[in-house]
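TrEMBL annotations:
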- 1-18: signal peptide (SIGNAL)
- 2-204: domain 'Cation/H+ exchanger transmembrane' (DOMAIN)
- 28-55: transmembrane segment (TRANSMEM)
- 67-95: transmembrane segment (TRANSMEM)
- 115-138: transmembrane segment (TRANSMEM)
- 158-179: transmembrane segment (TRANSMEM)
- 185-203: transmembrane segment (TRANSMEM)
Amino acid sequence: MLTFSSLIVAVDPVAVLAIFQEVGVNKDLYFLVFGESLLNDAVTVVLYNAMVALAGQETDSVSYDQLLLAVAAFFCVSLGGLAIGIVFGVITALITKHTSELPVVEPLSILALSYLAYLSAELVHFSGIIATVGCGIVQAHYATKNISKNSYITIKYFVSMASSTSDTIIFMFLGMVLISDDHRWHTGFCLWTLLLCLVFRFIGK
């Protein structure tokens, strides 16, 4: 049950952000919602992995010590990923300070180091998503001020295209999994899930 709860706890902001773009809402509000959803997604992945690890224990019940270890692992994975991302963000800022005469290298260095932050974090079993978020925050504040306008536009449109492509691929895989696997329908479980989501969403407001 905890594994399922960690899976559905994230809020999908795609529809909200699309409306924000159509209406032309204030940029600060847009990035506030986008940033919150991004961190929520990252934390949800880490939380889900922690719950899967607990569910994989051989014992039927979870002890207090195991719960404390799961909480400690959650913070370790999150903060470790953030630290790695910040380090790669600082490296990007230092590199882009010396690329004014090589503008072709600027987009490559920013994109490559962002991906390296993700791979490095995953390699040591930290959160690659949080590492990418931390790297992106540092790059947005420091590295983007060192690059040319053309490089900034190139990065902006490439990331936008990659994001849209990734969303499409993800939804394609979701559809394939939905029709390829045999699922058991449980009306009571679905109704209780919907009811409790609405109740706790109301309490959270």
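A Cβ is built for glycine as well, from the same backbone N, Cα and C atoms used for every other residue.
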Surrounding residues of the transmembrane segment (185-203) on its own chain - C-beta under 8 Å, 6+ positions past either end:
8
Same-chain residue ranges lying at least 6 outside the transmembrane segment (158-179) that approach it to Cβ under 8 Å:
14, 107, 111
Who are the chain neighbours of the transmembrane segment (67-95) in space, where the CB to CB distance is under 8 Å and they lie at least 6 residues beyond its ends?
42-43, 46-47, 49-51, 53-54, 109-110, 113-114, 116-117, 120-121, 124-139, 142-143, 146
